[in-house]
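According to TrEMBL, the active site, acyl-ester intermediate annotation covers Ser30. The active site, proton acceptor annotation in TrEMBL covers Lys33. Residues annotated as active site in TrEMBL: Ser92. As annotated by TrEMBL, substrate binding site applies to Lys194. Under the heading domain 'Peptidase S11 D-Ala-D-Ala carboxypeptidase A C-terminal', TrEMBL lists 251-341.
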Amino acid sequence: MTAKAWTIVDVTSGQVLAAGDPDARVEPASLTKIMTSYLIFEALRDKRISMDQTVIPGESVRKVGRDESRTFIEAGKPVSVHDLVYGMIIQSGNDASIALAELVGGSQPGFVELMNRAAQRMGLKNTHYTNVDGLTDPQHYTTVADIAALSTHMIQDFPEYYKIYSEKSFTYNNIRQPNRNRLLYLDPTVDGLKTGHTKEAGYCLVSTASRPMPGAPGVNRRVLSVVVGEPTERARVQDSLSALNYGYQNFDTLRVYGANQVVATPKVWKGKESELKIGVKKDTFITVPKGMADKIKPQLELREPLIAPLANGAPVGTVKVMADGKQLAEFPVVALADVPQASFIGRAWDALRLMFVKK
């Protein structure tokens, strides 16, 4: 790796596979637009704006320099939100980013405030924004760990809009521009995410691939790489592709339990039912080094005794994933059904029985 800082994350399990200086403060350049896009997608989801809405760009878009990435929108000339979104994501247009920010935030400073609030909400503790497009500023910074976390939110929270990142080109005003993410052309499993470059930040890239998970028909495994501060575009492409392949070739991701899979049916006291089906509400995965899959052993630890009433989704214990006597991961186990209280007589009888069980 020639990057200043980098990280490789298995998005499916949420685990960091490898990293170099993941918490070092770095300049994000146009990776900033991942957060800008995220807030625009929130506005679309909440129907505060719509893709077919017409926007009249303000005078601020005239200030975008000739050496900056542009969609080539014009101040005062109507343009759709659709074209602004595609211009911001595929062409990395600073002018499109500014127009969208002013639409949603009322002004660029107003939108930047929303960006910093969102960063706090996501737990991005080492990130601070001062602009919407990623131009260099001493107080505009982040880390590759925070970029990976933000990118994971983007992928998981807005799958319908995330697909735009895989588009290889976009034409606006008869000007066709290619997606600057060269990995889209080199690896068919790559479907995102964002490039960035300034003289100060170097060449940056968030890349992610989705490939079939062995042993889990119909399930794909996603690996994400972040590199910043690369010396050349070629270096960021080579290091990013190597990072993704490293994640797939040196680690396996396993589904420990499927969504709503019954893990156990322990005894319930003082309830209308004598047993409770417990498990997890969504697929639960773990990533391990190659060759360790057969050593994985889930261990269930219950909060006993389980006493009704118990609501569907109520936490009842944990599963610790062990291998060679070491704990690799831990996740909560919940009730998969409601168990209401029994009658007064039933509760009294179980209360008596519990006295002897506890002894």
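Numbering starts at 1 and runs along the chain as displayed.
Yeah, the Cβs are placed from backbone N, Cα and C, and that goes for glycine too.
Feature map: annotations from TrEMBL on the structure.
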{"residue": "Ser30", "record": "active site, acyl-ester intermediate", "DSSP (3 states)": "helix"}
{"residue": "Ser92", "record": "active site", "DSSP (3 states)": "coil"}
{"residue": "Lys194", "record": "substrate binding site", "DSSP (3 states)": "strand"}
- Other CB atoms within 10 A, centred on the residue listed as 'substrate binding site': 28
- Please spell out the DSSP helix, strand and coil residue counts for the domain 'Peptidase S11 D-Ala-D-Ala carboxypeptidase A C-terminal' (251-341). 3 helix, 53 strand, 35 coil
- Query: How many Å separate the Cα atoms of Lys33 (active site, proton acceptor) and Ser92 (active site)?
  - Reply: 8
- Between Ser92 (active site) and the residue listed as 'substrate binding site', what C-alpha distance do you get in Å? 8
- Note on the structure: Cβ proximity for Ser30 (active site, acyl-ester intermediate), under 8 A, sequence spacing 6+, ordered by residue number, returns Ser69, Ser92, Asp133, Gly134, Lys194, Thr195, Gly196, His197, Cys204
- When you measure from the Cβ of Ser92 (active site), how many other Cβ atoms are you left with inside 10 Å? 27
